[in-house]
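Engineer: Below: one structure in structure tokens.
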Amino acid sequence: MEFFTMCMLAAGFGMAIGAFGTGIGQGLAVKNAVEGVSRNPGASGKILTTMMIGLAMIESLAIYVLVVCLIILFANPYKDVAIELAKAVVK
């Protein structure tokens, strides 16, 4: 396949896997926080604060994956090499 097509596929699959992992992690965190609050309603403030901090950390994974995918798509260091190879093949 062409280099840029492979870059688009890699970015798409990378973002899909990153979003899937982030969604599973956030779902499990919220599930456990809700279970903790249902067992001990008095500790809901500490549990919810800790959950929010944890969710922010988990969400940072999706942001990092997005940044890497954008780098693959728009600031790829091998773009010039691929263009030169394509020109050589065309000649």
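Including glycine, each Cβ sits where the backbone N, Cα and C put it.
The following feature annotations were taken from Swiss-Prot:
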- Glu59: site 'Reversibly protonated during proton transport' (SITE)
- 4-24: transmembrane segment (TRANSMEM)
- 53-73: transmembrane segment (TRANSMEM)
Engineer: Quick test of the contact rule: Cβ under 8 Å, at least six residues beyond the ends. What residues does that give for the transmembrane segment (53-73)?
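Structural biologist: Non-local partners: 7-8, 10-12, 14-15, 17-19, 21-22, 25-26, 29-30.
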Engineer: How many other Cβ atoms sit within 10 Å of the Cβ of Glu59 (site 'Reversibly protonated during proton transport')?
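Structural biologist: Other Cβ atoms found within 10 Å: 13.
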